[in-house]
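Below is one structure, written out as structure tokens, with a few remarks after it.
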Amino acid sequence: MDEFKLRSIDLQQVQNQIRHKTDGLSSSTLVLRRGQAFTVTINYDGRPFDPLKEKLIFRIVLGPLSVEVPVSRLGHSSLTQWSAVLERSIPDPTGPHGLWVSLSSPASASVGVYTLQMRVETRLTVRTHLLGQFTLLCNPWCPADSVFLQSEDLRTEYVRSDIGLLFKGSLGNIVSRPWSSALKKCSNDDKGVLMGNWSNDYSGGVSPSKWSGSADILRKWAETQFNPVKYGQCWVFAAVMCTVMRALGIPTRVVTNFNSAHDTNRNIVIEEYYSEMGEKLPIGRDSIWNFHVWVESWMKRPDLGRGYDGWQVLDPTPQEKSAEMFRCGPAAVKAIYHQKVDAQYDVPFIYAAVNANVHTVIVRDGKVLTTSIDKNRVGALICTKHPGSMRMQDITSEYKTEMGKRQKNTKYLPLNYSPQGLAVSLQLLKAPVVGENISFNVTITNKVVVPKLLRKHVNAQNKEYNRNPTGTFWEAHDDVKIGPKESKSSAAEDSLVNLAVVIEDVKSQERVLASEEFNIRSPSLNIQVYAGPIHQVATVTFTNPFSIAVSGELTVACSGLQEKVQTRLTIQPRETMRMPINFTPRMAGAKMLYASLVLMNPPTVLHGFKTINVQAS
């Protein structure tokens, strides 16, 4: 009878990827998870396979490394080493015979693109066959993997979901932004994916606010020979990193820290300086970002000892160098909570970002007039998307004890209180929206039994979310008479961005300050989805709130559905735009339909989203 002769090998891509929960990641290359068996079918001619006469040896290659794995007739899959076990052999007297082999990788195998070869040794010949390539990912379903996550619901959310929700803005006016993590192509390289830009000049690239998903960024990165894509800011860096980490099989979520301290001198103190007129001064490199966005990835941390497994902070936004490179993390969230500031990596920097004290100093001609300390402002809210919903989840308590009220021996005064019994507070009356006036209220309280003559200085400055304000664009100054134990409120409306009020006691020259940093929210797009006779119909609605006609480009897209739909339009003042879009779902599961309207006048980007559940056919 003829000798064993290999005819073909089937890597069973569809079946293996379904079992490995990698279906949808690639249609051309086999994608697997480590620590889990996959099946290969071998078709051959000649006599039935006899392990005493033929040897089948797989050779698994990763770069310069390789391992040879002989096929065993007996045995079980291994979690600690590569193994190959013959599942069954089916001789076919009328055609090619079949062998089913179960291959397993160790749970600690390196993530990467492997080459699979097989050597067939018979009594007369030795032949080596190239079987193809496969990509090996982390496996959060495998208890032996360092990224194992116990909950199936959390694995679905933090690994398989391509629906994202980012939180931006300011503490009093939080804005949620949809983000698609759907990938059509993954590339491996060690060059930076994004170039940061905080200058408001985005010529030669794309404004960070215009991005709505990771696929466009990664595709552009690959098409330009892996040169950094222009441009990103912290939420874009974090969202893209979240997409890539999930694609690698590492549970990851995007986290926003409101009032995030950027402590450049690492003393866990942020110094802010104001003039006596309430103008914030550009003194020092420290700053408080209205918000900052990073990611957390779930993994074991044996290097820190027991108790620090779980969520680890990774900050992809280039800020400060760590060991001579712009990088940050992984910093164990539990180490931050327990104030273990000597733990690797970059725990002190993240600890300061959520816990730093704020020293506010009012100065005149280089002389300090008043100093106050605020221990609660930084890290006031740390949040992420709630698993399984489009709600916000408050995770501040995972970073801070008692909401950051650390017990110290030093006493301090609240930011808006003076020793002479004068208090001031500044409050927005409603969330600011583009095209509308902004209303705020200044409340002054005299806590003593003596009347006071006061001067009120209100100052407004433009401010980027990640730096100190620029010059004053609006201010108001007037006198206020306030009686014993009296409170007075005054309201004002204007198109403002950031406010500070200084109340000056004319007699004692004592000053007390209150400030409010906030964003102006853009109007949102409304999306409704209806089931049509053939297609589903999404209707995007927007009413122009401005007193002038606006023009721009509307983009509608959805993960797992069609390609983007783009159209240019002009909307008259107070006119309502209704734009119907027909689409046919291509993938089952929870999907997000999202729309963006990029306006030229005024230059702003409007967003909207709608989640839909696509049933399998």
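Here the Cβ of each residue, glycine as well, is placed from N, Cα and C on the backbone.
Here is what TrEMBL says about this protein:
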ACT_SITE  Cys234  active site
ACT_SITE  His292  active site
ACT_SITE  Asp315  active site
DOMAIN    226-318  domain 'Transglutaminase-like'
What's the number of neighbouring CB atoms sitting within 10 A of the CB on Asp315 (active site)?
28
Residue distribution over DSSP helix, strand and coil in the domain 'Transglutaminase-like' (226-318):
17 helix, 42 strand, 34 coil
Note down the number of other Cβ atoms within 10 Å of the Cβ of Cys234 (active site), including every protein chain shown.
27
At a 10 Å cut-off from the C-beta of His292 (active site), count the other C-beta atoms across all protein chains.
25
Please report how many Å separate the Cα atom of Cys234 (active site) from that of His292 (active site), as a whole number.
6
